[in-house]
Amino acid sequence: MNKIKCECGHVNPEGTVLCEACGKPIEGNQHIEGNDEKKLLNMRYDGTARRSQTYNKSIIDKTWSFFSSVKVGIWLIVLALIASAVGSIFPQEIYIPADAVSRDPAIFYEERYGIFGLIFYQLGFHNLYGSWWYMILIALIGVSLVICSLDRFVPLYKALKKQKAKRHETFLNRQRLFSETEVVSGDEIQKVKARLKKQNYKVRDEDGHILAEKGRFSRWGPYVNHIGLIIILLAALLRTTPLFYTSEYVWVREGQQMVIPGTKGEYHIENKDFTIENYDENDERFSDAITQEGGMVPSNYQTDVVIYKAEESSVPGAEPELKTIIEDDIRMNHPIEFDGYTVYQKGYQLNEFTNMSFKIHETDDSNEEALGTFTIDLTAPESEYELDNGFRVELGQYYPDYYLDDNGEPASETNFPRNPAFVLMVYPPGSDQAEISFLGIGKNIDATGENEYKVGITDFEMHDVSGLSVRKDYTLPFFGLGAAIFMIGVIQGMYWQHRRIWIRPKKDGLLLAAHTNKNWFGVKKDIEKAISDTNIEMVDDQQELDEQN
Amino acid sequence: MDLVSLSSTMLYSAFVLYLIATIFFSATIGKKRKESNKGIAGKIGITLTIIGFIAQIVYFITRWIASGHAPVSNLFEFMTFFGMTIVFAFIIIYFIYKLSVLGLFALPVALIIIAYASMFPTDIAPLVPSLQSHWLYIHVTTVSLAQGILTISFVAGLIYLIRQIDQSVRSKRTTWLEIILYSLILFVGFIVTTTAFNLMNYNATFEYPSGNNVLTSEYTMPAIAAPSDGTLITEDVMQPWFETPEWMHGVDAGRKFNTLIWSFISGSIIYVLLRLLLRKRIGAAIQPLLKGTKPDLLDEVAYRAVAIGFPIFTLGGLIFAAIWAEEAWGRFWGWDPKEVWALITFFFYAAFLHLRLSRGWHGEKTAWLAAGGFAIIMFNLIAVNLILAGLHSYA
């Protein structure tokens, strides 16, 4: 390393632009920050030696330089911005609406959006935010964040720690805010110092050379907020592992008790009741709006549940004992939590059939007197039912959600008993010749027309089903931490400014200069206050905007 | 008087007060007037603005009491609140920088937005279960406040551009500036057309297929574009000229597209009339009036508003939003279009700040970026709700 010794005696690392101690421009390095072309010094990182600007030989140097460039960082942000926008043109795969002709993305996009939809799908935009190249883009932003921050923070921190109140004359007169006063009395200088202190400046005086500084901590704001962002990106990485994050979706019928998936059998859930409530359409406040919505505005979706924890039985091999741990209701915006799991109200299905009861009677019996009865539990249908009086009924076909498909064949649209239909083979007592009946809601068909016995539906029971989502997410604290650090950093960097005011005695007078990383009006006001009714000249802004006007 | 009508009277009063305040602010510019008179006009302007703002707060509170929930739950309520936060941000910035000319542009933007809001159903609607959370108020109010502040950045940038761009020859910059002004006029076009046809009580009903159902769509403007595959039911009204393209999807896509066409037609007519009247570009016509403003101060405001607004936006638009989404849906981030566009806004202003603080983009570049940011905000507020279907499309 070629250290550079400044005339003030301070030894600077290689690549320094402005002496860390006195601020004198170091000869031969001024091109780095473009100071050789301009009157004003570039004060961005206080002229410190940054690795990226100093070494450029090996491949590591070059990679470092590449990612430490703010220009590259901004390009990455802009690319992510454009990609995100493109991905929002059509719905993402997970948002393909339920009423779509097909929820298969290969069909949906082209069917609904034509050629553009096809292109959207083929380029992978339908699952953009999980695609490898979007991930890489975000990861590159992460790399850029780390390298940019390290490249600047370390030298800047050192330089601000080592800075002296005594600054070189060229450093002062090449600041944006600068003035020179011929004659100033010692009293006046004391007055200015006192006033600066009153404005919360830390004032250092080294042999009449004064440095008044405030808000240095705001310089660390960007680095703090970048740390926050990196924590968020790492948390997102953790979230892809099942150790930190699991998500399950489960349908639970009213009255049903089942193991909660994803909990290794440790927890059970029972659905006591599902309710859906609507707003009262006679409520004066809302009646207009409700009418406009078609008369039904839901006010609540709720599942009353009991959560059990399975406790090891004292007898080995025996069924575990279930202990109630929570009895509560789950609503929108009101999930329930236990031992790291959270259960959310997500969906519902009203009026599914629980069971259906039937009777058998003689076809030509006008009183339809029951010769035998049986009940099919639709959640667990059996293949055969033996009746008391010798009848035997075989369940030939069961369509839980009956409809006629495109070929006119009976089929089941879903596996849920929403519209059950059956093909029943009835074996009269002592006979092994079956009579075939087709039964459904509002349907009772005798295919041959020669059946001696007829089956009829006598009763049924119904239930609702709750769709619940079960999550375990141990990454949330990390996201929270990252977000909090990010906010602290942004506020620290944006709502405070690092202001420095230098006074350098010169003969009977002094040089006055000031620098701030932002809000030049603020620092000008501070100076005005400090030097009011003294002889000291107000600083000139040597760089007004848009000089052509 | 019951609360609901008191509430709407207050909103109306606020609107009128902002309008009068704008007129006073317009007396703070120009060469001919005396400085002392300008000062008085500015003081009256800000006083009226504050009274108007208080009236709007009364609107907000009374409507809250009447409905039982914070009035930020549908497009009308939300956009009205956005108008209110623009005024609030203007008042704050005014007292930091004492810049009257800001009012001359910020208030009309707020007026346009409030008027735009009132074109949507204003009935008090009950909260659906997914919105029943105190995060609704926390999330929406902070986002809206941030967007109000960021709008002031745009306003300062716009004044900067009108003031600074060389209007002696036609250039890319003059054209883009005209595009910005023209876009603002499109909103006026929308308001004028909607109001006109509302007064005429125009109505035409269409039936159109959606999936396996047949839906109806009530047009309140003559149908230029019918719904895709739609049939006109109402008799003795104008026949549609063509059908809305099939790929435009969402609730009532045809009606919204038709409204958009009307807004373009009437907005364009207003713009052309203005051009004929002024006989020069609108930017060129306003420019001489702004000679007295300080460009570096405008530049500072355009940046400072972002410096203040960006952290608030991050807090409300991303962090609070994520906390709420986690509580309501069990996922703090779901790539819903509104979320994506909030992220885009975040990216954009992050780039804005890096460009300014690290790459030294000042003056005109900052002003253009401020305009770009506003375009993204408006896109997220309006287009995402109306065009891209998602969880947030409650209107």
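Counting begins at 1 with the first residue displayed.
Glycine is treated like the rest: Cβ placed from N, Cα and C.
Unlike curated records, TrEMBL annotations are generated automatically.
Annotation source TrEMBL lists transmembrane segment at B:12-30 (among others). Same-chain residues lying 6 or more positions outside the transmembrane segment (B:12-30) and placing a CB less than 8 Å from one of its CB atoms are 37-39, 41-42, 44-46, 48-49, 51-53, 55-56, 59, 84, 87, 100-101, 103-104, 107-108, 110-111, 114-115, 289-290, 292-293.
Residues or ranges marked as transmembrane segment in TrEMBL: B:42-66 (among others).
Marked as domain 'Cytochrome c assembly protein' by TrEMBL: B:72-195 (among others).
What TrEMBL records for B:78-97 (among others) is transmembrane segment.
Taken from TrEMBL, the feature transmembrane segment covers B:104-124 (among others). Here the transmembrane segment (B:104-124) has Cβ contacts under 8 Å with residues 4, 8, 11, 14-15, 18-19, 21-22, 25-26, 28-29, 49, 63, 66-67, 71, 74-80, 82-84, 86-87, 89-90, 151-152, 154-155, 158-159, 184, 187-188, 190-191, 194-195, 395 of the same chain, all six or more residues outside its ends.
Annotation source TrEMBL lists transmembrane segment at B:136-162 (among others). Tertiary proximity for the transmembrane segment (B:136-162) is limited to same-chain residues at least six positions away from its ends with a CB under 8 Å from its CB atoms, namely 69-70, 72-73, 78, 81-82, 84-90, 92-93, 99, 101-102, 105-106, 109, 127, 173, 177, 180, 283, 286-287, 290, 293, 295, 298-299, 301-306, 308-310, 312-313, 315-317, 320-321, 324, 342, 349, 363-364, 366-371, 373-374, 377, 381.
If you look at the transmembrane segment (B:174-200), the same-chain residues 6 or more away from its ends with a CB under 8 A from one of its CBs are 109, 112-113, 115-116, 119, 158, 161-162, 165-167, 220-222, 259, 262-271, 274, 281-284, 368, 371, 375. Taken from TrEMBL, the feature transmembrane segment applies to B:174-200 (among others).
Under the heading transmembrane segment, TrEMBL lists B:260-278 (among others).
The domain 'Cytochrome c assembly protein' (B:274-392) scores a mean pLDDT of 87 in the predicted structure. TrEMBL lists B:274-392 (among others) with the feature domain 'Cytochrome c assembly protein'.
For B:301-325 (among others), the entry in TrEMBL reads transmembrane segment. The list of residues near the transmembrane segment (B:301-325) in space but at least 6 beyond its ends in sequence, with Cβ under 8 angstroms from a Cβ of it, reads 89, 93, 96-97, 99, 102, 133, 135-136, 138-150, 152-154, 156-157, 160, 331-334, 339, 342-343, 345-346, 349-350, 352-353, 356, 366-367, 370, 373.
When Cβ-Cβ distances below 8 Å are used as the criterion, the transmembrane segment (B:340-357) is approached by residues 143, 150, 303, 306-307, 309-310, 313-314, 317-318, 321, 365-366, 369-370, 372-373, 376-377, 379-380, 384 of the same chain, each at least six residues removed from its ends. The transmembrane segment annotation in TrEMBL covers B:340-357 (among others).
Annotated transmembrane segment per TrEMBL: B:369-391 (among others), in sequence order.
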Secondary structure content of the domain 'Cytochrome c assembly protein' (B:72-195), with strand meaning DSSP E or B: 97 helix, 0 strand, 27 coil
Outside the transmembrane segment (B:260-278), six or more residues from its ends: residues with CB under 8 Å to it: 182, 185-190, 192-193, 221, 224-225, 284-285
